[in-house]
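Below is one structure; the comments refer to it alone.
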């Protein structure tokens, strides 16, 4: 790791006190996993899995939950995966870029790893729909215990909360976001307090910390053992957020928050619920809320609703960040990205993603109507992403970090075995409602691979009739056209060929500018490119220059601002002397060798509706000329 990477990964954010960073991390990172106690044990003992609410059943499940939290979250994510940062950034797309770099010498392996990364990203979007739906539903369902006759109001109230959450996204959460940390700290303290109160009634429940109870559960219930992991995994939902949000807080604050507050609070609450079930098996209908005294029920519902809204906000923000990374890595069409904070570059809003998630969440709430029904569909996307993360990290450990196989392989096999068991336990959920996130993931995977392949084919088609730059410049020397004052910047994907916009301009206008710049924007497999590596400049003579701008997948691609770094006497990028020439291609599906006709038509539709270079690269509107061309694919 480089210095910048190490600082980010370690959480050395200048000007921010460690305690403040820890509280902020609790508010953003741990909302999802922190609201899991609302529905995990409720689902386990719902009757769907055949687990008896007795001494052995409660102890076995508690042992499985505790050791799953220890192995998957504490060991796998906190101790290992948080070290796999891409210059301080985490998440499935950052990890895919890292794995792509690690496997550069193995083209076939590289292709497989990229495909797996895209599948993981696609599943994340499916999870981004289920998390808000199940979290808010489970919180509002507490009203059923407080007031009789409110059962029919749960779904409408949940929809009101969720729709309001999506409506405020455009305005940003900069102001109220400062409350997320304190609210979630209060939530975890309440979780721990409720758990301690329950444990004091039946302290023998702490015996379930012994892993023997989990092993015994598998031995006594061999058929049920693997299947029950499909419910136990609900306690792990949100574990991927530890890695995805690492770029915001760094590794150390996330790890400290987990061990100092989050893990103890979760364990205490789960064991408190277990103690309640030992005393009153009928409490299995909603052990979380029934753990609280009657007078605290309404305040607890309010706090739980706030916590689930914060958890949902974190998932939605994660979807925005993932989309921006995927756009700049070339897997998703360009969309309008709106910044919602003048202070924080990472706080963004993408309308297309926001409204798509909202529609998906509304359909889930209307279709399943309860957190229990949704729990039967939850887990496929989560465990699939966790398994893919382990595979990608394995490639990074062995190929990039060069860990000795004798040390790395046993650890990786342990991760893959546990992740594989959780995933296998959740596969049957596909036929119990879990098809929704899977289908959403399949659709997104098709869109991403179609866009990526379509862009590659488009560049190849444009190259077929292209003119090599040296030949073109030689012809300019022989027959020099009329030159006009100023600088013309032509954006092109291939820096060694003449852009079509340049040929069209010369053909129709019979003039060239004094300085002609062929500009290529390249995105690296790293989050940020330092200013001293931002550009490359080559002079070809006759006033022609090739400029290559380098950006990371979290950088803001502001082309006019970046061109100011090109300090050359011959080049003048002053705003009133610079004109940008863009090409807009219209794709026509044909019988040429490439993609299937339906994928070509899909790509043409996406290209037509994608955000243009003008807005994406922040070009001045009054200094842009756009020329169109048709391309058969």
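Quick reminder: no glycine exception, Cβ is built from N, Cα and C everywhere.
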Legend entry - 85-105, 148-168 - the range that Swiss-Prot marks as transmembrane segment: 148-168
Legend entry - Annotated range (Swiss-Prot: transmembrane segment) out of 40-60, 61-81: 61-81
Inset, instruction - May I ask you to indicate which of 317-337, 380-400 is given in Swiss-Prot as transmembrane segment? - result: 380-400
Legend entry - Interface check, the transmembrane segment (290-310) with the transmembrane segment (179-199), three or more C-beta pairs under 8 A: yes
Inset, instruction - Spell out yes or no: are there three or more C-beta pairs under 8 angstroms between the transmembrane segment (112-132) and the transmembrane segment (258-278), with each pair 6 or more apart in sequence? - result: no
Legend entry - Chain residues in Cβ proximity to the transmembrane segment (348-368) (below 8 Å; excluding those fewer than six residues from its ends, i.e. six or more beyond): 125, 128-130, 132-133, 137, 155, 158-159, 162-163, 166, 169-170, 172, 316, 319-321, 323-324, 335-340, 374, 377, 433, 436, 440
Inset, instruction - Quickly jot the same-chain residues contacting the transmembrane segment (61-81) by Cβ under 8 Å, restricted to those at least six beyond its ends, or write none. - result: 33, 40-41, 44-45, 51, 205, 208-214, 217, 228-229, 232-233, 235-236, 239-240, 242-243, 254-255, 258-259, 263, 266-267, 270-271, 274, 386, 389-390, 393, 411, 414-415, 418-419
Legend entry - Candidate ranges 19-39, 217-237, 430-450 - greatest C-beta contact count to the transmembrane segment (380-400) (under 8 angstroms): 430-450
Inset, instruction - With a Cβ cut-off under 8 Å, give me the same-chain residues at least six positions beyond the ends of the transmembrane segment (217-237) that come close to it. - result: 32-33, 36-37, 39-40, 43-44, 48-51, 56-57, 59-61, 63-65, 68-69, 72-73, 127, 131, 266, 270, 375, 378-379, 382-383, 386, 421-422, 424-426, 428-429
